[in-house]
Each structure stands twice: as structure tokens, then as C-alpha cells.
Amino acid sequence: MIGRFRKISTKLFVLTSLLLIFFLTLLVLVQSSFFESYYRSKKINELKLALDTFRSTYYKSQDDLSRLPEQFPEFEKRYSATMAIGQMKDGSLMLGSQPRVAMVRVVDKDGNAIQREQQIFRSPLPDNSLTAAVTAMNGWKENASLVRRVINLGETVTFASGSGGVSSGTSTIAAVAPLKSGDVTDNVLLAVASLQPVGEAAGIFRDFYVYFLLLAIVLIVLLTYVFSRMISRPLVKLNEAAGRMAALDFSAKCDDGSRDEIGSLGGTLNFLSQNLNETLGQLHAANEQLKADIENEKRLERLRREFVASVSHELKTPISLIGGYAEGLKDGIVQGEAREEYLDVIVQETERMGNIVSDMLDLSQLEAGKFSLRKEPFRIGTLAESLTDNMFALLNKKKIVCAVELEDANALVFGDEFRIGQVFTNLLGNAIRHTPEYGKIRISAVEGPGSGVPGAVGTIEIQLFNEGEPIPDADLPHIWDTFYTVDKSGSREFGGSGIGLAIVRNILTLHGSAYGVRNAASGVVFHFTLPLVDES
């Protein structure tokens, strides 16, 4: 579980908020601290450049100096400034106005005209523009360095009016440029501009920035929260899906509908999840199949061992009998009828061993797929009665009543008559072994649906019932397996070799027959189907 403060949404929210708040605060501080000085510097440079441009235009036009103030109003309106010409020769200031041009003579406080070297400009008039111009001119004249730069070096100078230097507390700036007649500077061009409006605005903005900053921080926090959730939500879904994939749960899908890198990553995870799910499914199926094969191999190995023991017993007994009876005959210990009985036993046991070997060869061919059927129509009833008659001796030995109850003994079926006869023989022999003395065996048949075989008109199900003990449920699925026997005692009377029913299974499978076994009320029923064919 990821801690709250370790989530990517929390990190994104905190870092983005702090970054935006930092830059916003920095912007507010920079504007509050440096805007006014920046504006003043820009205004001074702008005023100086404009004054130089104005002077250059005048030089190019070569107009009379007395007409120059007529061009002042346009300059003053454009740059919010007051312009004047300072005549150094007679100490007068010449200002421009909309209706007229006023000439002002600058004198000292006693009324005497001020000489060029020591004149200090004063204005007896209350006009604000004139006062600003006179104040600026006096400020320039009081600064010997500025005067030298203008008169001697021909430079355009700027300064804060009234202080001789730029100061944050000054609200007026001035620019002075020389006006030359030939090589002599006998006049100066003066421009004065006020900075008081921007100072007031800067003060108002400082007060406003406090409220603006608080509101902006709140908006930044809200918007950053929404932004972080939008960015982190698909990542959280991807993380959840990856976690479920790690737990081998591939049902989760990543589909947020976006077409960016996150959406592409989600599609890749979905593709990976699907492939892993299919691959693990295949591996699981292969693993289960492998387990089943291993278990089946173990079971077959166990059955082979049981078969070897059973066959060894089956062969050992007749071989021992044959050997014993043969020695008796050789030694001449029996004569007459006893000798004939000895010979009969030898013949019977020899046939028994031959049958076991023959069954093993048949089973080997069937399981190897090297067995071919010779199918043709034949009478199922005739075959059943013939085989029952052949086994009369075995039936009579245990006093078993065998009834062939076929409704239509002449029913024509399609198959390999010899191999179906082998099926009957094995099933009937199995029934005789497991039927008690004076028990009953019944062979019957019922018609079924169509078989799908070309030319067939239906199917017939052959049922062979024998009285006796039911087959244990645990053994029912395995009785068709090779070498499997329900009776583990190896009794010659009741135990088979485990080959007969395996042969039945293979023959019926080659015929496409539906076969099986079930326990009845007082015994066991084996059944299989064959296709019925028309007499024509």
C-alpha cells in the first residue's frame, strides 16, 4: 500500500502548487520592487532619445529658431512632457503653447539680467509648465558636470529635476540637449516629464498585490489539485491493473480513451495481459495434460505389472499341469481312461495358453493402429445364437441359463462379422466368469436412432445382462483399460487377464459404436450399437 504522501498525485499537486506559487510570488515581488525604477529608466531613455530625434529633425529642416516652439505641442502631447528653448545669450526661456509662443526673460531676484556664466533661472509666473521648465533649468545649471557635458561636449543629458541625480523619490525628470549655431552652443533644448502618475499607480498596485496574491494562491491550489488528479488518475488505473496482473488476475483492462503515451501504455498492458492470460492458460492446460499423462503412465505401469503377474499365473498353471501330466504319461503311471483324461487336460491347457497369446497379439495390433476391418452386412441374431451354442460347455458347467431374446433374429447389421463375434465371445466369457452357479445371462436388443452410416436405416443396441455382484463405482471408468481387472486375486475361476475388454473397446471404437457398461438391479449390463441396413 502506497503512503498518502508518496502517491504521485500528492507529489504532483504539492510540487506544481509550490512551483507556481513561487513564480507568482517572485513576479509580484519583482514588479513591486523594480517596476517603478524600470519605468523611470525607460522613461528617461525614451525622453532622451525623443529629444535627440527632435533636435536632429530641426537640424535637417534648417528652420528659424523662433519658429521651433511651434512644433513643441506635438512632442509634448506624445510624450506627456513640457519643452522649452533656453537662450544662453540673454538668459530667456522660450516655451510653446497652443495659441501662442511666450518669451520669458530670466533675471535674478533683484531684477538684473543674469550673465551667461552665472545666470540662475527664476520664474515670477505661477504657470505649472513654466515652473517645471524653470526648475529643471535651474537644476541643470547648478550641476557643473551636466553643464560641461552639454556645452563643451555636446551631449544630451538626463537628470531628476531638483536633485541633480536620479532618485526614487523624485517625481520629475528632465533632458537637456545642445542647440548649436555653427560650432557654438548658444541655446539648449529642454524637455521635462512628470513621473508622479506611475508612482501613484505603483503604490496602488502594491496594495492590490496582497489580495491578488492570496486569491491567486487559492486558485492555484484548486486548479493544481484538479490537474494532478487528471494526470494521475490514468496512472493509478495502470498501477492497479499491473498489480492485478502481478497477482495473475488478467481480467482488469486499462481503457481511459486517451490517445497519448498513457493511453498507448494502457493498450500495451492490455495486449500483454491478454497474451499472458492465453499463454498461462495454455501452460495450465499443458501442465494438466502432463499430469494426466504421468498419472496414466503410472497407472499403465501398474497395470502392466499386474498383467505380467496375471499372465505369469495364467501361463504358469497350464505349463505346470502340462508338465506334470506329461511326466505321468512318460513314466507310465496311468493307463486306459486315465491316460485319455491326462491327454485331454494337456490339450485344454495348451488351447488356453494359445488363446492368451492370441489375445495379446490382437490387442497389440489394435493399439498400434495396424488393424483393418472387413465390414459387410450380416445377421446379428444368427451370430449371437451360434456363439452361445459354442460356449454351451462353459455355461453348463456352472448351470447358467443363457437366453437370446432378440425380437428380430434376422436383423441385418453392418460390420466385421468375425470381430463382432470376438466382441460377443469376450463379453459372454466375462459374463460367465462373473455369473454365479444357476445364474442367468440374457442377450437382447433394442432399436435406436439413425447411425449416420451411408445406407443405414437406424441402429440396434445389443445388451448383454448377467446376474452377479455389481462392479464397484471406482472400477467402472477403468474396466476397458488394458490389463485392468476388477478381481485382484488372480483366481483362475473368476479372474480374467485384463485383455478381453480392452480388445472389445478397440474393436467397437473402430466400428464407431456407442458402447458402455452399467450396474443393474441384480447384475451388470454391457451394451454396444451397430448400424442397421435395409434388406435391399
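Placement of Cβ uses the backbone N, Cα and C atoms for every residue, glycine included.
Within the chain, the transmembrane segment (208-227) has long-range Cβ neighbours (under 8 A, six or more residues past its boundaries) at 12-13, 16-17, 20-21, 24-25, 28, 31-32. Taken from TrEMBL, the feature transmembrane segment applies to 208-227.
Summarising model confidence by region, the domain 'HAMP' (229-281) averages a pLDDT of 77. Annotation comment: TrEMBL describes 229-281 as domain 'HAMP'.
Sequence-distant neighbours of the coiled coil (269-303) (same chain, 6+ residues past either end, Cβ-Cβ under 8 Å): 238, 241-242, 245, 248, 250, 252-255, 478, 481-484, 498. The annotation coiled coil is assigned in TrEMBL to 269-303.
Positions annotated as domain 'Histidine kinase' by TrEMBL: 310-534.
Shown for the domain 'HAMP' (229-281): DSSP residue counts in helix, strand and coil, namely 39 helix, 0 strand, 14 coil.
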